[in-house]
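Below is one structure, written out as structure tokens; the observations come after it.
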């Protein structure tokens with residue numbers, strides 16, 4: 001099937017056999033964002049959201065999501081993660097506030113952690129939305145993308161943010 005490793009000879013889905021791949025340190029970082037009204041930002045900052053500390057809950061949700069990625073992405077291998085770190089950065093604009101979320105994941109294993117990082121960043125953003133939707137159902141999530149990855153036979157990857165007009169997503 002022309003370069004896609006998740007298909008067998010019959011064109012059906014398969015989980016790739018990684019038993020012959022060497023175990024190396026692998027990392028990945030993914031980002032997402034939540035665009036919201038100033039009012040939502042102020043309530044998050046003052047811990048005035050009825051459901052609790054939004055960023056603390058989102059952080060735990062992101063860590064849990066990284067650990068559970070193989071349960072929701074069918075062809076992902078279950079991995080023993082060495083670490084997951086979530087960071088948040090606010091960008092305050094005139095008409096809106098943007099919460100930038102960065103998920104960094106690390107393992108020593110036979111396959112990469114890109115999907116774990118992407119899942120983690122996505123679930124963080126979804127959790128923020130869930131906890132704040134009573135104030136602003138018009139929040140926008142995204143973009144969500146892989147920022148960088150290291151390790152593995154395909155080598156390292158680092159996204160050039162200027163290519164996609166994403167300089168403020170760092």
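FYI, residue positions are counted from 1 along the chain as it appears here.
Positions of Cβ are set from backbone N, Cα and C atoms, glycine also.
Annotated active site per Swiss-Prot: 130, in sequence order. Annotation comment: Swiss-Prot describes 75, 76, 77, 115, 116 as substrate binding site.
Counting only the Cα atoms, the space from residue 77 (substrate binding site) to the residue listed as 'active site' is about 28 angstrom. Nearest to residue 130 (active site) in space, judged by Cα atoms and limited to the binding-site residues 75, 76, 116, is 116. A count of other CB atoms within 10 A of each Cβ picks out 76 as the most crowded of the recorded positions 75, 76, 77, 130. Mapped onto three states, the DSSP output places residue 77 (substrate binding site) in coil. The record gives 75, 76, 77, 115, 116 for substrate. Within 8 Å of the mean position of their Cβ atoms, the other Cβ atoms in that chain belong to 69, 70, 73, 79, 111.
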